[in-house]
């Protein structure tokens, strides 16, 4: 299958959405996902699946979208100006999970496929995606296990893959105005096509399939950890960083808004509750300070 085949990619993505939702429902044990299918006037559509007020997850959204358009938006051609004016097809699964318990990290994952067409020319295509972890009260064993899972799924594709995409993740999920990373990273890749369609698709599948393998053990380990108002207030404050990053820097959010995407689905990543506090500084030696001192800068975890 050397020729890019969007049909097999779409089939995988729909199955991935189903499997991830089933896995999250099992972890929660109480709530289930509601499905909301939508169509886009310019072409395409998708299904947003959202779980709210569960026993474990305050809100979890797992979105599938498949959109088409006559011309690529500015967000997609900013670093590929030669693609301006091409028609495009974009599909992917994107998820964000906001747990109730502050000891369970927030997480985000995304896998996507993009193909651009022009009469008389070969299609230009690529895969992208990754997953990342945003703890509030981090445990080093959780972070190391998360990165070990990421490294393990990369190894069949080459020894250089994990370090490369781990570094890209650290650089991408960074808030310059705060001078801190959004969390402890994971994997991030984009413009993946150099190895040909089959191998590139294999890697995208490995990342998508690896997400629950990495996240589920952390949820199981931390979901019964007792917490109080202090931890909840800090969790809500740190969720503000998620909002800041997604609305100011995230390419996917900008792409969705610029292509006339479905606003409810694009902003599904927003936490249901969040707070800001003027000039907050954690108390020295506190668990909150541990996050700032040891986890919000790139580190080698494995």
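Any Cβ shown, glycine's included, is placed from N, Cα and C.
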Self-check item: According to Swiss-Prot, which candidate in 94, 269 joins 110, 111, 112, 260, 261, 262 at the substrate site
Solution: 94
Practice problem: Could you say whether, by DSSP, residue 110 (substrate binding site) belongs to a helix, a strand or a coil region? | Solution: strand
Quiz item: Can you check what DSSP calls residue 98 (divalent metal cation binding site), collapsed to helix, strand or coil?
Solution: strand
Practice problem: Please spell out the DSSP helix, strand and coil residue counts for the region 'Important for dimerization' (242-277). | Solution: 22 helix, 0 strand, 14 coil
Quiz item: What residues, ordered by sequence, lie under 8 A Cβ-to-Cβ from residue 147 (divalent metal cation binding site) and sit at least six positions away in the same chain?
Solution: 166, 184, 185, 186, 301, 302
Practice problem: Quick one: give me the count of other CB atoms within 10 A of the CB of residue 260 (substrate binding site). | Solution: 14
Exercise. Note the mean pLDDT of the region 'Important for dimerization' (242-277), expressed as a whole number.
Key: 90
